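A quick write-up on the structure given underneath.
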Amino acid sequence: MSKPLLDKTLFKKTLDVVGVRVEAKKIGRVVKKLHGHLLNLPRLRNVVPDPTNPDPYKNSSSKLILLNSKVKDMETLQPLNEDLVAFLKEESLAFVSHAIELDYSYFAVDQVLSELLPKGMDIPSSFETVGHIAHLNLRDNQLPFKNVIGQVILDKNAQIRTVVNKTDNIETKFRTFPMEVLAGDDDMEVEVHESKASFRFNYAEVYWNSRLQQEHLRIIRQIKPHDVVCDMMCGIGPFAVPVALNGSKVYANDLNPRSYHYLKENIALNKVEKLVTAYNLDGRDFLAKLLSEKKQFTQVLMNLPAIALEFLDAFPGQFDHWEGELPFVHCYCFSNADDVKQDVKQRAEKIMGGELDPERTSFHLVRDVAPKKVMVCISFQLPESIAFSSERQASKQDDPKRRKVAAENAA
C-alpha cells in the first residue's frame, strides 16, 4: 500500500447554494423568518456581501442571506413551507445562485484525513498537547501514513509547531520514551502553564503528562500552607512548585539528572527558592537522608506509578525519632485487579509489613491507562505499627502517661 501524498488541490470544492437578496434594513426580520432554513456550516457566514454591488464589503444597500443546501430550486424553494415562500415573494425578494469556494484551509483534521487514509482506518484526530508539541500514539496500521497525519495536524492547529509520535513503550528508569518528529520543528524545549505555575523542560528528556493536570490539582488543593511536603519522585515539579506557591515548604527529589536540572530552573522561574529544596537522589536514599537529618514533614508524595509502591519498604521502623503526628502518604500505582482498592491495599501492606488503618486510608481512581488497567492513588496516614521499630513501640507501651490513659479508658 502506497502512502498518500498531501495534495491540497484535492480539497478544492464549490458549494452551490440559494441566496436571498435582501435590503440591509430588512435583514433582521428576514433572517428571523428563515430560522431553521439558513446555511449552517462551521466557519461559514449565512449573511454575506452581495457580489453584484460595486463595493460589496462596504455598507451597501443589500446583502445575501444564504439558505441551507436542502433548498436547491430557486423557483419552488422547496422544502420551505408555503407560508414562508409567500412571505418571501410578498417582500419582492430576489433569489440568486451563490457559489462558495472551499479549499484545504476550510476542512477540519478528521475531514481531511478521512479523505487521505484508507476507508475504515481510525482517524487520529485527538492527541496530547505539551506546549507547542502535539504527541501522538499511532497504531501500527497508521504508521505508513504517519508523515501525512503529522502534516495535517500541524497545518490545522495554529498553536502546534512540532508533531511527534511515540515509537516505543516507556521502559527507561526515568519514564522517558523514544519519539520521532513527524512534522514541524525538531524543538523539544517547551514551556507549559499549570496550577498557576510555569514549567520549562525538554520533552524528550523528562516525563510530563498533560492528562494528569486535574490529578495534580486535586492533591495541591489538599495540601495547606502549614504542611511540609516530602516529594520523593517529583519530576520537574508539577506538585512541588504549585504547593510552594501556596506557601508550603517542600523537599523535592528526582533521580533523573535532567529532571533535577529543570526542577531547579522551575523553582527559580516561579520564585520559590526559599520554600523548595531540590535533591537528585534515589527515592529511598532521599527519604533516609531527610530522616537522618530529623527533617519533619506532614505529606509524602510518591508519583511514579510503575514502581512507587515498592519504595514503601523505606518506611518501616525508620521514624523512631519522630515528634508529633506521623505523615500522610499519597502513593501512585497501577492495578488490573477486579477489586482495585483491595489489591492496592494488600500490596502496600505486604511491602510495609503491617496493616493500614481503614479509617485513615482512601483511594482515588486517577484514569484508565489501558483496557482493565487503571492508575490509582492510595492515601493513608503512616501507622505507628509500621513507622516505629519494635523497640520504640515497646517503649511507648511502657510510657507512664500512656498507661494512665489506658487505665482511665478501661475504668
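All positions are counted from 1 along the displayed chain.
Backbone N, Cα and C define each Cβ position, glycine as well.
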One of H216, H226, H364 listed by Swiss-Prot as binding S-adenosyl-L-methionine at the site of D254, L255, D282, G283, N303:
H216
With every protein chain in view, how many other Cβ atoms are within 10 Å of the Cβ of L255 (S-adenosyl-L-methionine binding site)?
18
For a quick check of packing: other C-beta atoms within 10 Å of the C-beta of G283 (S-adenosyl-L-methionine binding site), how many?
22
What is the number of other Cβ atoms found within 10 Å of the Cβ of D254 (S-adenosyl-L-methionine binding site)?
29
